[in-house]
């Protein structure tokens, strides 16, 4: 669909000059070298900033060096260079030439790839893949997720390659397909048109590699497709398409269109499901007749007489038919178990395939022995067990089929997230004055940074951006979990994947591709599902000796029953008809082999973590892996920051006081000039108040005075040189640091302000306090209820703030927090956390990310609240998309529910094996006459894995705690503040 525009692939420059859509590809400057490397040096002897500057100056002057950064505090130098023109040794010698000692260099060129792993069934399998990857030279780090069936590998591309990594996995007996290469960078996949030879593709590749902003180009000559990794700050997919078009020389014509390869994970999952289903159905085609010929028809006349008819000596028609029908099941359909067992034993470990292969082979080859013995003897009579082998394989395949179907549902939440973004967007073409002159519907993947798009009511927001025109309400529940639509006006951010409710808005694109909030959420959840929870170590330890123990137990079971039968320790009537003591013992031994299930143990943790992280993401709670999920359930104390955490984080100046003859506007101008470079909410409040004050005085200028020598004093305030004056803006501690006298009048005003639960910000000019600004930041409406609910969960709440004691105590009293630490700087917050940890408490820290990084990192569990679109917060273990304290409760409650589910899974998996193996070994047989036939034992084994996965799937029914939902449904402030 197109309106007043041309085909967007033929003419990608849809914005007119000055419209802000991006630069022409013709104007993109080609680069001399595409590839760069980064190296880090540990440099000793750096004592000051001037040392760092001297190193940077010398190294930057070397040929081929693109950038250099020296950290005096860490004693490190990071240099990015072009390997064709420079090398690490030359750079090291240059630094040593300045009389600095340089340690051995550490190359930082690490590549990343994600692989789909096929054939993993239990923890032993995932450990085998991980060991195989770690043994590959050049592999730095490898993480394998059993439930996700993926691996993420960090490797040195100078030593190994993706092909060698895949080959190592295949040598270990598993399949591997490349999902993606690169560490989640922006890429576009294009299908080439008009290409007639490999030379054409090479020409296109060279042209693309010369474009500024292109990081890598991968070509598939056979499929005529190309993958381009690019920097969205410099270029974009439409510019790349035009570059391809411009590469053609008449009469040739090149074009490119977006290519969407099949979603590999879903395709592999569906293929695996179809494969197991087909194998099960084929096995039933043979196993059911074997079962009928063995168990049912011999009891029905005249079928019984026919089946017992002797063909040669004592070999009957029934024996021959069962042998012929069972063999395809054993060696064709069951071949996968032989392959899996071979590769496992080859690598020095054992898995479920080993148990299945041993059990079915024992039944099959003993049955073959019986048939051959009957064929060659006129007096021998024996009973074959072909139905055991055939039915066992069929039931195991049925269990695997049900298991992969259930496992596929564990990633439903993640799949729904990936499908939120719309396929198309309405791109506007603007004139020089910013007015829309045409609009064109294009693929969302073709959007570039700074594009301007139109979103009408009911449409999904395609990518992250900022509203530049129009007003509306946007439903963000699918991303943040916020139940109510959020009001949006010019200047507000919108998130890709959310739904525009009732107004038409014009949005400027700010983030595309892998940089969007939705993509970051998906990446974070995928990484979390790859990470192992500490509780998984229990299954890992058990899996190492599980199968050998089962094999020994099965042998001892057979030996015990066989010896007991030979020496008549039990009555002969215990032995079923048509069996002898050896055959009865063999049945018990095979049952023990196949009833044991290591898969259920291996799936207990990863499936629960996978469902929980996906469920949390759908509610705006992003949990960074099983470690954070497990630690959160142990939390006994939570430390809250005040500003932006307990309060709404939108402080405003509500009162001013001048202590000198300086005009109020001049005082505020100087304070705003000093605060303009700070990101703290109080600083923004002062700057905003100054702008409004100017309007009251008749000035409409937004200009803020420039400052020099700006410095942040953590927990105290800021200092700067504004208009030649030393301006200090902060609390009492800042004034004391600069030895500024504080009069009794100032002290009195501070006390009055703090009694009203306001923050008193002092402004000193040239070491004289000239005024004070009273800043109020209202409490979040749910704060009191959230603190009360945490208390009911057995969690104590503590407030640690850099604000004054009076304000802190007033806020704490209002929300119900009993323990308060005030006037604490960011480092002090981390120290308070360590003090609590020394007392044996598991401590969580909740902060808004501003000045809270040390505390978030020091806490056992760091929760960054109100992340919004900024979900890549490194210091936090759990990222909360909204600013609501109810999500803190949701995170901890979800953690507790998940750990309870994992424990239940372990109880079931361990209990099943602990109880199932003795029953299979025949402990009930002497008392009740009940025994577990091998085929039924196999069915029980298959059911155990399915039951564990289904148990984990129950986490999809998780709902927020009742009281918290009541808070969410209650009245709220301005939606912009919540």
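Backbone N, Cα and C atoms are what each Cβ position is placed from, and that goes for glycine too.
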Problem set entry | Where Swiss-Prot places transmembrane segment among the ranges 385-405, 406-426, 427-447, 448-468 | 385-405
For this session: Select from 280-300, 469-489, 490-510 the stretch of residues annotated by Swiss-Prot as transmembrane segment.
Result: 280-300
Exercise. Taking 872-892, 935-955 as the choices, which stretch does Swiss-Prot tie to transmembrane segment?
Worked result: 935-955
Exercise. What parts of the chain pack near the transmembrane segment (280-300), using Cβ distances under 8 Å and only residues at least 6 beyond its ends?
Worked result: 307-308, 318, 321-322, 325-326, 328-329, 333, 386-387, 390-391, 393-394, 397-398, 401
Seminar exercise, completed: Maximum Cβ pairs under 8 Å to the transmembrane segment (385-405) among 545-565, 907-927, 935-955 is reached by 935-955
For this session: Find, among the binding-site residues listed as 51, 122, 125, the one whose Cβ has the highest number of other Cβ atoms within 10 Å in the structure shown.
Result: 125
Seminar exercise, completed: Lying 6 or more residues past either end of the transmembrane segment (352-372) yet within Cβ distance under 8 Å of it, the residues of that chain are 121-122, 124, 315, 319-320, 322-323, 326, 330, 334, 336-341, 344-345, 382-386, 388-389, 392-393, 396, 547, 550-551, 554, 583, 586, 589-590, 593-594, 596-599, 934, 938
Seminar exercise, completed: Given the transmembrane segment (315-335), its same-chain partners at Cβ distance under 8 Å and 6+ residues beyond its ends are 279, 282-283, 286-287, 289-290, 293-294, 298, 306-309, 356, 360-361, 364, 367-368, 370-371, 374-375, 384, 386-387, 389-390, 393-394, 397
Seminar exercise, completed: Summed over the domain 'HMA 3' (186-252), the DSSP helix, strand and coil counts are 22 helix, 20 strand, 25 coil
Problem set entry | Positions on the same chain near the transmembrane segment (584-604), where near means CB under 8 A and six or more residues out | 121-126, 146-147, 351-352, 355-356, 358-360, 362-363, 366, 385, 388, 392, 396, 403, 407, 539, 542-543, 546-547, 550-551, 553-555, 557-562, 565, 574-576, 902, 905-906, 908-910, 912-913, 916-917, 919-922, 931-934, 937-938, 940-941, 944-945, 947-949, 952
Seminar exercise, completed: With the cut-off at Cβ under 8 Å and a gap of six or more residues from its ends, the chain residues touching the transmembrane segment (935-955) are 356, 359, 387-388, 391-393, 395-396, 398-400, 402-403, 406-407, 409-410, 590-592, 594-597, 599-600, 603-604, 607-608, 610-612, 615, 897-898, 901, 904-905, 908-909, 912, 916, 920
Exercise. Apart from its near flanks, which chain residues at least 6 from the ends of the transmembrane segment (907-927) lie with a Cβ under 8 angstroms of it?
Worked result: 550, 553, 557, 561, 570, 574, 588, 591-592, 595-597, 600-601, 604, 937, 940-941, 944, 947-948, 951
Exercise. To the nearest whole angstrom, what is the C-alpha distance linking residue 122 (Cu(+) 2 binding site) and residue 51 (Cu(+) 1 binding site)?
Worked result: 55
Seminar exercise, completed: the domain 'HMA 1' (37-103) resolves under DSSP into 21 helix, 23 strand, 23 coil
